[in-house]
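Q: This is the feature table in Swiss-Prot:
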type     : residues : note
TRANSMEM : 30-50    : transmembrane segment
TRANSMEM : 58-78    : transmembrane segment
TRANSMEM : 109-129  : transmembrane segment
Amino acid sequence: MTTKRKPYVRGMQPNWWTKLGFYRFYITREGTCLPQLWFSLVVLFGVFALKNGPESWAGFVGFLSNPILMLINIVTLIATVFHTATWFKLAPKAVNIVVKDEKLPQEPIVRGLWGLTIVVTVVILAVALIV
């Protein structure tokens, strides 16, 4: 049996996500994938430039010294720190660490992740400056 009635289709505005703070935050966090894509492509381009010799590397460094690219890279850095901070706050919610029959609070886990990030960053910078 068929009917001629149309099913109700609720309207959806293109800016539906701007009405609630949770959705704005979620879309902003997920939007950080675009600067991450940019960073990945720049690193990939740099690896190929390094592989192709000094002239190619000099061209890559010249490419990166463009003021517009510096601005884009600063935005990418800010987006990366934001993305990292949100994931570090999310990580303790995904794991249950029990110490002496009590659940470990979120703060030590987040601080540990930031501490590990700082240590790894310092080690990488030290190796880069030594070599």
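Note that Cβ sites are derived from N, Cα and C of the backbone, with glycine treated the same way.
Small disclaimer: the values here were computed from a predicted structure and weren't measured.
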Q: Against which stretches of its own chain does the transmembrane segment (58-78) lie, if we need a Cβ under 8 Å and a gap of at least six residues from its ends?
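A: Here the qualifying positions are 35-36, 38-39, 42, 45-46, 49-50.
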Q: Can you work out which residues elsewhere in the same chain, 6+ from the ends of the transmembrane segment (30-50), have a Cβ less than 8 Å from its Cβ atoms?
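A: Long-range Cβ neighbours of the transmembrane segment (30-50): 56-57, 59-60, 64, 72-73, 75-76, 79-80, 82-83.
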